[in-house]
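Student: Feature table excerpt (Swiss-Prot):
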type	residues	note
REGION	1-461	region 'Catalytic'
BINDING	His564, His568, Cys666, His670	Zn(2+) binding site
Amino acid sequence: MSKSTAEIRQAFLDFFHSKGHQVVSSSTLVPNNDPTLLFTNAGMNQFKDVFLGLDKRAYSRATTSQRCVRAGGKHNDLENVGYTARHHTFFEMLGNFSFGDYFKHDAINFAWELLTSEQWFNLPKEKLWVTVYETDDEAYNIWANEVGVPHERIIRIGDNKGGAFASDNFWQMGDTGPCGPCSEIFFDHGDHIWGGPPGSAEEDGDRYIEIWNIVFMQFNRQSDGTMLPLPKPSVDTGMGLERIAAVLQHVNSNYEIDLFRDLIAAVADVTGATDLSSKSLRVIADHIRSCAFLISDGVIPSNENRGYVLRRIIRRAIRHGNMLGAKETFFYKLVAPLIAVMGPAAAELKQQQAMVEQVLKTEEEQFARTLERGLALLDDELSKLTGDTLDGETAFRLYDTYGFPVDLTADVCRERNLKVDEAGFEQAMEAQRRRARESSGFGADYNSLIRVDSASQFSGYDHVQQHATVTALFRNGEAVDEIHAGEEAVVVLNRTPFYGESGGQVGDKGELKNATATFSVTDTQKYGQAIGHVGILTTGTLRVNHSVEALVDVVRRNRIRLNHSATHLLHAALRNVLGEHVAQKGSLVNDKYLRFDFSHFEAMKPEQIRLVEDLVNEQIRRNMPVQTEVMELDAAKEKGAMALFGEKYDDQVRVLTMGDFSTELCGGTHASRTGDIGLFRILTESGTAAGIRRIEAVTGEGAIALLHQQSDLLQDVAHLVKGDIHNLADKVRAVLDRSKMLERELQQLKDQQAAQESASLSSSAKLINGVKLLVSQLDNVEPKMLRTMVDDLKNQLGSAIIVLATTADDKVSLIVGVTKDLTGKVKAGELIADIAQQVGGKGGGRPDMAQAGGTDVQALPAALASVEAWVASRM
C-alpha cells in the first residue's frame with residue numbers, strides 16, 4: 001500500500017533525524033531576512049545567513065518541510081497552474097542541510113538510502129537517473145563507484161545556459177557569494193510516456209521527472225568571476241513533496257496524489273461541478289493552499305506588493321469557480337478541507353482558521369460584484385478583435401474599473417488562443433501612476449529627493465537637549481552651504497536628541513539655536529543613516545559647520561512617549577483577550593492620540609473593548625518598569641519578543657519589556673514606568689480592510705480631557721431632561737418612550753386623514769370605456785401615505801385604475817395602482833413610466849403597483865391630464 005502525502009513528509013523528516021539532523025519548523029512565507037524575496041520559495045531561504053557566514057545555529061545538520069510560494073516576481077508559476085501536471089503556486093520543499101558538516105559522500109548516500117531502501121521509499125533502483133556538473137568528477141565517482149548507478153544513467157551536464165558556470169547543474173546564490181555544482185535525481189515513469197533523459201532533445205517531456213536536487217556549496221564566487229574554495233563546504237538539498245508523492249503513489253500528475261484528490265473533491269462539492277477532470281478544479285485546489293497559508297502568515301489582499309499577488313491568486317480562483325457554475329461564495333469554504341488534508345502541517349493555519357475564512361469571504365464578495373460585468377466587457381471586446389492580441393488599454397480598463405489583474409485577463413485570452421499586449425498594459429499603468437504623482441499635491445516634495453551620505457548619532461533615549469554641529473543643509477531638496485531667515489530647509493546634525501519618524505511614531509518638534517540664529521523644527525525625518533530636522537529659519541543665518549543647541553519640545557515628546565508605551569500594552573491586551581492571531585498591522589503615535597491597526601476577523605464586541613481597556617489600565621496601575629535591552633535578533637525572539645510583520649531588523653535589536661506583560665522589538669521613545677501613562681481610554685474601534693481592525697485611543701491628559709467632555713455632556717443631557725446623572729438613563733428612556741407614543745398617535749391621525757381623503761376621492765372616479773379611472777393631485781399629503789391611499793381606494797372602487805401625485809420640496813411623487821382584473825390591459829409600470837418622463841423622472845414596479853419621482857413640478861398638471869387618453873387607447 002502506497003504512503004499518504006502526510007506519511008511521506010514525516011518519513012523524510014524521520015529519516016534525516018535518524019542521521020543526526022535537527023528537525024526545523026517551516027519558516028513563514030514572508031521572508032524576514034531577505035528584502036529581495038517576495039515570498040519564501042525554497043527550503044534554504046531561512047538558512048541563507050548561515051550559508052553566508054552571517055549567522056550561527058546550535059546545530060550543523062538540519063532538515064525541514066518548508067512551505068513555499070512561487071507567484072509573482074522572478075519565480076512565477078501562476079500562469080501555468082492548472083494547465084500542467086506539476087506547476088503550483090504553493091508547494092512543500094523537503095530538504096536536508098549541512099552547515100560545514102558532511103559533504104558530497106554523505107549527501108549522495110543519504111539520498112540513495114532514503115529513496116531505495118525497503119525501510120523507507122523503496123523505489124526501484126533501475127528507475128533512477130542522476131545528473132552531475134560536467135567537471136564534478138568527485139560526485140560522478142561517488143554515484144558510479146560507491147552507490148553503483150550504471151554509467152549510462154549518470155549524465156554530465158555542462159554550461160548549457162550561455163556562460164561560464166551557467167548550467168542546470170551549477171547553483172549560484174547571486175553574482176557573487178556561495179555557489180557550487182549540483183546533482184539532480186530523476187525518476188523514469190516508463191516508455192509509455194513521451195520524453196527523453198536530461199540533456200537530450202526530448203528532456204522537456206514527462207517521462208523523466210526531477211525529484212531531488214542536491215547542491216554542493218564549495219566555492220565563493222568573487223566579483224571578477226574567480227572561484228575560491230569555501231573553508232567549510234556545505235550542502236543544500238530540495239525535493240518537492242508533491243512530486244515525490246506522485247512517484248510513490250504511482251500517478252503521473254501531482255494533481256492525482258491523495259492530497260489533491262481530496263481537495264479537488266471538496267472544490268467540486270462547494271462549486272457544484274461534476275466534471276472532475278476540469279482544469280478549473282485543479283486551479284482552485286492549488287490556489288486555496290497558497291491563499292490560506294499566505295493570509296495565515298500575515299498577508300492581506302491589497303493593491304500593492306505581496307497583498308496584490310495574493311489578491312490576483314484569489315481572483316483567479318474565483319473566476320474559475322464562476323466557470324464551474326458556482327452560484328454563491330465558495331472559496332472560503334475550502335479552508336476546513338485544506339486543514340484536514342494537510343494534517344500536522346496545517347497546525348498554525350488551524351489556529352487562525354476563522355480569520356482566514358473571513359478574509360477570503362470578504363474578498364470574494366467584493367470581487368463578485370464586478371466579475372460578471374467585467375467578463376461581459378471582456379467578451380464584448382474579444383468578439384470585436386480582428387487579430388490575436390488584446391490591446392493593453394482594454395486590459396488596463398478591466399484592471400482599473402473591474403479589478404481584473406492582467407494575468408486573469410490573460411487567462412481568459414489563453415483559453416481562446418489569444419494574447420494580451422502586456423507591454424501596452426504596463427504603459428497605461430505607468431501613465432496612471434504619472435497622473436497620480438502630478439495631482440498628488442500643490443507643489444513638489446523636495447525633501448523626498450534628499451540623499452545624505454553622512455550619519456547622525458541619535459541621543460534621544462537619554463537626552464532632550466544636545467550640543468551639535470550642522471553637517472548638511474538642504475533647501476528645495478538641494479544641498480546648500482547656508483540658509484537665511486524665512487527660508488524653509490532641512491538641517492542635518494552630527495548628533496541629535498530629535499527622534500526621526502519611524503515605527504509609527506511621529507518625528508519630534510522643537511528648536512535649533514545658537515547666538516545668532518533660531519531654526520524652528522516642525523518635523524524630524526530619517527534620510528538613510530542621517531536624521532533631518534525639517535522646518536524654517538526664523539532669525540539669522542545658519543551655515544554648515546555651525547554649532548547649535550538642539551532643544552526638543554519636551555511636553556510634546558512626553559505625550560508621544562506615553563502614547564507609544566500604551567500601544568505596546570494595547571497590543572499585548574488584544575492578544576490576551578482576542579487570541580494569539582492578533583498581530584500589529586500598522587500604527588500612528590503622536591502627541592494627541594494613538595492609532596493601532598491589527599489583524600482580527602470581526603468587529604470587537606463592546607464587552608471585548610471594555611476588557612481590553614480594563615486590562616491596559618490594570619497594567620498602568622501596576623506601575624511596571626519599562627526596560628530596554630540591546631541583543632541579537634535570534635536571542636530576542638527566543639526571549640519571546642514580538643517582531644512586527646513586514647519590519648526589517650538589524651542583527652542587533654532593541655527589546656522593550658514592560659514587566660511580565662509585554663516584550664516587543666522597538667526603537668521608539670517610551671515612558672519610564674507604565675504608571676507614567678496615567679489613564680488609557682479607547683475612542684473608537686473600526687474596520688479598515690478585510691481582516692484588519694483599528695483602535696484609536698488617548699492616554700494621560702488626553703484621557704482625562706475625554707472624561708471631562710463626557711461628564712459635561714452627561715450634565716447637559718441631564719439638564720435637558722430635568723434630571724441628574726444618577727437617574728439620567730431612566731429620564732432619557734422615558735423621553736424616548738414618550739416620543740414613540742406620540743409618533744404612533746401621529747401615524748394614526750395620518751392614517752385617518754388618508755382614509756378620509758380616500759373616501760372623498762372615490763366619488764370623483766370617471767368611467768373610461770367601462771373602467772373606473774381616478775387621477776388626482778393631492779396637497780399636504782406625505783409621499784409615503786400615497787401607497788396606503790391607493791390600497792384603500794382599490795378596496796372602495798373594486799375594479800379601477802388609480803393615479804395619485806403630490807409635491808414636496810420641489811419634487812414630484814407619483815403612484816399608480818391597477819386592480820388585478822385589469823392588469824392584462826393596463827400595467828402600472830408602463831403607465832407610470834409615461835407620466836414620469838413628462839415630469840423629468842423615472843420609476844417602475846409591478847403590473848398592479850408602481851411608483852416614480854420627478855423634478856419638474858410645473859409639468860405635473862399636464863402629465864396627469866394625459867392619463868385619460870393613455871388609458872382610453874388601451875381599453
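Placed from the backbone N, Cα and C atoms, the Cβ positions cover glycine too.
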Student: Output, ordered by sequence, the same-chain residues six or more apart from His670 (Zn(2+) binding site) with a CB under 8 Å from its CB, or 'none'.
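Tutor: Those within reach of His670 (Zn(2+) binding site), by Cβ under 8 Å and sequence separation of 6 or more, are Arg561, His564, Ser565, His568, Val626, Thr628, Leu656.
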Student: What kind of secondary structure is His568 (Zn(2+) binding site) part of, going by DSSP in three states?
Tutor: helix
Student: How many other Cβ atoms are found within 10 Å of the Cβ atom of His564 (Zn(2+) binding site), counting all protein chains shown?
Tutor: 26
Student: Compute the centroid of the Cβ atoms of His564, His568, Cys666, His670, then list the same-chain residues not in that set whose Cβ lies within 8 Å of it, in sequence order, for the Zn(2+) site.
Tutor: Ser565, Thr567, Val626, Leu656, Glu664, Gly668, Thr669
Student: What average pLDDT does the predicted model assign to the region 'Catalytic' (1-461)?
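Tutor: Mean pLDDT across the region 'Catalytic' (1-461) comes out at 86.
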Student: If you skip the near sequence neighbours and keep only those at least six away, which residues in the chain come within under 8 angstroms of Cys666 (Zn(2+) binding site), Cβ to Cβ?
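Tutor: Counting only residues 6 or more apart in sequence, the Cβ neighbours of Cys666 (Zn(2+) binding site) under 8 Å are Gly503, His564, His568, Arg654, Val655, Leu656.
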Student: Counting across all protein chains shown, how many other Cβ atoms sit within 10 Å of the Cβ of His568 (Zn(2+) binding site)?
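Tutor: A 10 Å sphere around the Cβ of His568 (Zn(2+) binding site) contains 27 other Cβ atoms.
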